[in-house]
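J.: My questions all concern the structure below.
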């Protein structure tokens with residue numbers, strides 16, 4: 001009995017490009033190469049993460065061998081602080097020792113002093129470059145100058161404030177504005193202190209219609225040359241006689257209705273009111289809100305409005321639930337696809353190994 005001849009190299013399953021076996025074997029070879037590469041790279045260190053205060057000297061690499069060293073330098077705007085090391089070594093556990101940018105400190109501006117009758121606050125908690133300093137004054141004083149200074153970088157290792165520190169001065173106000181047909185108290189004072197107040201009043205009128213004071217009657221010095229409110233006006237305000245058809249006045253009746261006169265209404269029996277039952281005479285000679293209406297019949301009940309999602313532009317709750325369910329299905333599909341992909345890759349490698357084993361056994365026979 002003669003031994004079976006060995007399969008020619010050109011007809012080997014892994015050599016026939018048109019066969020499915022060649023496809024499986026090729027994928028297996030790629031998987032082995034990937035495992036080989038990962039096993040060799042597992043003993044290397046990756047490039048360390050970027051640091052805020054220091055940067056790598058020279059050209060960086062993707063991987064470094066165990067025992068290999070890298071050297072750092074402080075970035076622009078940072079100063080080296082001895083005795084911190086600027087060299088790190090790749091350790092067998094894939095870490096760099098030591099690795100810290102504590103040896104590089106940020107360049108600082110000079111520390112600012114509190115002004116008289118004021119304080120300085122460092123908004124960012126420091127006075128290094130990029131920081132801000134805010135100046136405030138005690139009550140009754142105001143800041144003269146820039147209230148906020150910025151620490152800016154000059155060159156590589158210097159920093160300075162972008163302006164001169166301000167100072168605090170007492171708050172004073174010039175006399176308040178004069179008004180037509182009226183006056184204010186303390187007209188003989190030329191300079192008013194902080195929180196000093198004046199009151200306005202209207203002049204008497206020669207006719208039957210009196211002037212009304214429209215606005216705030218008292219204002220005070222609230223800031224440097226700043227009064228707490230605008231001055232009021234003195235003018236004649238008359239609103240028309242309030243008439244409510246199918247209704248009547250129950251409060252505030254009179255012959256003249258001047259500024260801020262208030263009246264109240266009610267409807268006759270068999271009518272209901274649409275609008276506000278109380279109105280006030282405003283500065284523009286009209287009633288606010290508008291005089292109501294008395295409509296015949298019983299007061300209607302408020303109809304129940306449809307849910308907000310029934311209006312155009314609002315999604316319904318069903319659409320929201322469907323969207324959430326759809327997102328969950330997409331996530332589940334991605335997870336299942338990933339698991340199946342890993343399983344297929346493992347199966348490819350296993351089948352390729354089994355095929356090689358069978359081929360070797362056949363060749364040995």
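The first residue you see is number 1, and the count goes up from there.
Keep in mind that glycine also has a Cβ here, set from the backbone N, Cα and C atoms.
Computed from a predicted structure; not experimentally measured.
Residues or ranges marked as topological domain 'Extracellular' in Swiss-Prot: 45-329. Here Swiss-Prot flags 45-106 as domain 'Sushi 1'. Annotation source Swiss-Prot lists domain 'Sushi 2' at 107-170. Annotation source Swiss-Prot lists domain 'Sushi 3' at 171-236. Residues annotated as N-linked glycosylation site in Swiss-Prot: 181, 310. Annotation source Swiss-Prot lists O-linked glycosylation site at 205, 301, 304, 312. Under the heading transmembrane segment, Swiss-Prot lists 330-350. Swiss-Prot lists 351-365 with the feature topological domain 'Cytoplasmic'.
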J.: If you count the C-beta atoms lying within 10 Å of each candidate's C-beta, which of the glycosylation sites 181, 205, 301 ends up with the smallest number?
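T.: Counting other Cβ atoms within 10 Å of each of the glycosylation sites 181, 205, 301, the minimum falls on 301.
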J.: Whole-number Å only: compute the distance from the Cα of residue 301 (O-linked glycosylation site) to the Cα of residue 181 (N-linked glycosylation site).
T.: 51
J.: Just give the helix, strand and coil counts over the domain 'Sushi 3' (171-236), going by DSSP.
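T.: DSSP classes over the domain 'Sushi 3' (171-236) add up to 0 helix, 27 strand, 39 coil.
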J.: On the 0 to 100 scale, where does the mean pLDDT of the topological domain 'Extracellular' (45-329) fall?
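T.: Result for the topological domain 'Extracellular' (45-329): average pLDDT 89.
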J.: Going by DSSP assignments with H, G and I as helix and E and B as strand, what are the residue counts for the domain 'Sushi 2' (107-170)?
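T.: Helix, strand, coil within the domain 'Sushi 2' (107-170): 0 helix, 32 strand, 32 coil.
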J.: Please report how many Å separate the Cα atom of residue 181 (N-linked glycosylation site) from that of residue 205 (O-linked glycosylation site), as a whole number.
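T.: So the Cα of residue 205 (O-linked glycosylation site) lies 9 Å away from that of residue 181 (N-linked glycosylation site).
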